[in-house]
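Input: a single structure, listed below in structure tokens.
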Amino acid sequence: MPKWSVRRRPSLLLGAVLLIVCLPVLRRLDWSGLGASLWRRRHLGLRADGQNFKLENSAFWIFGGSVHYFRVPRAYWRDRLLKLRACGLNTLTTYVPWNLHEPERGTFDFSGNLDLEAFILLAAEVGLWVILRPGPYICSEVDLGGLPSWLLRDPDMRLRTTYKGFTEAVDLYFDHLMLRVVPLQYKHGGPIIAVQVENEYGSYNKDPAYMPYIKKALQDRGIAELLLTSDNQGGLKSGVLDGVLATINLQSQSELQLFTTILLGAQGSQPKMVMEYWTGWFDSWGGPHYILDSSEVLNTVSAIVKAGSSINLYMFHGGTNFGFIGGAMHFQDYKPDVTSYDYDAVLTEAGDYTAKYTKLREFFGSMAGAPLPVPPDLLPKTAYDPVTPAFYVSLWDALNFLELPVTSEHPVNMENLPINGGSGQSFGYTLYETTVTASGVLTALVRDRGQVFLNTFFLGTLDYKKKTIVIPTVQGFTTLRILVENCGRVNYGDNIDQQRKGIIGNVYLNDSPLKKFKIYSLEMDRSFLQRFTADKWKPLTEEPVFPAFFLGALSVLDSPYDTFVKLEGWEKGVVFINNQNLGRYWNIGPQETLYLPGAWLDVGLNKIIVFEEKMAQRIIQFVDTPNLGQHEYVH
């Protein structure tokens, strides 16, 4: 835990003019009476006082914005938070992803880009309060809603309930997490003024004892600030919890009056807050890029505030689903999320200003009693020279120097592989190998996409809709390979207990189960990439055998700038820069470029590895403008 005094007063404590917004909100305010003396009286914290919030004895309006530290390079945290404050907002909200902080059972990571304490302290330093949303389930378009996949090793697991196997894991996680965040609460001199209890549980609502358990788990570990719930229209009536303030999630003005009526009936006269006003929406592979008009956003935000409600902009800045952290939706069809979490938010994926930012800053600024801070300059972007990979190695050749496979009589799903200290595999690909001696119809249940090969010959792809494939005539013992990709576990809905990935159950050839499998875990993390030493690569002088890894070098002569990787002519795969996983690309769109932060580039040569599943044009482009669809940029 970083060394700091729990009584240290961050710079926000001297910035009351920018942090406290008092009634009435529809005219300029006189905050001259709210001096530094207010901050010396930290007794009451944020609380409900009739229909209003109060911080100590002063009326308080929450004007918040969501930024997720795990979706933004740490080097850019300050830039994004300064832009949030300069927009006239006073509060940062962030989720906490359990699956990233406890990647293996009992092994915790709060370092680097996952340094939650540093992020919260930085928010205080730039003059922001914090509402923490620690879950354990967070939705957030993150794999399994932020729950660790190793929970699914238990065949009887019932997530988001008081099932013993789940609550024991939550208790251990909260033991570690709360030790870090309790000292950062308002009453301890920190910026956290409120904490959310779980997330949209009213839409799930499978165990009436669960939410009281989570509330108690937080309070027993020292959470003493205002507690909130957060629900959408479908779950609001079921999501109310005694002693906890209910808040609502919405996108349109038409929902506002309905929600207000429901809230009044559920909890009486209490402060109103829209915890998530959706400033845009997330995208799925193969779908459209969602756009929400900036004028509509301004009108809805204005209506929410005029109705006497506090508000949080979800998202203020979406960022990126770096690596494989993106989730999925599965109602009628399975729809995995794209790598970009641009969200058509107030700031773009790369942190640039939009028309929404300009209009909202003018709106919030009109209610401030003093000029807003000057927005930071845009971070520069550039288009680097294209790179042509000079070396490659086929996946089939790479198997010779990767970790030894697991051997099993039957297929084993990713989560139950005996690896990673008994925590299984969370992300990436898994390769299943066995032998066949006859042709026929192959049947398998794969999650989510399974490419089928005879030796190295590609036969086709199995997925949710296609569960069989014809095996042609073979001669003698032939290697059957099924390369399965976890495209993202569902993060919202009733079926989160059924999110095991890989091959589920047996593989059948002509209705007979195949046996004796070799199973390779291809997590494509840093330790995986470190096995690709210089002697393993082959010159790219002939037609490559796919799937394959391609190696190139990006030369940066001066200070590195942000850029966007464009893989026109490539089909589907993953991009790594200096062993950082930028995420997936897929030519079905809508996303056509991958965000490459300049903070992750070095002056000189930068190693680029592209894993391509099927085909490649052998050129990697770097452009200065993303292609996600139409955006209202402000340059």
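Cβ coordinates come from backbone N, Cα and C, glycine included.
Features as listed in TrEMBL:
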ACT_SITE  GLU200  active site, proton donor
ACT_SITE  GLU276  active site, nucleophile
DOMAIN    53-364  domain 'Glycoside hydrolase 35 catalytic'
DOMAIN    424-523  domain 'Beta-galactosidase 1-like first all-beta'
DOMAIN    547-606  domain 'Beta-galactosidase galactose-binding'
Integer Å value for the Cα distance linking GLU200 (active site, proton donor) with the residue listed as 'active site, nucleophile' is 11
Which number gives the other C-beta atoms within 10 angstroms of the C-beta of the residue listed as 'active site, proton donor', all protein chains shown included? 24
So GLU276 (active site, nucleophile), by the Cβ count within 10 Å over all chains shown, scores 26
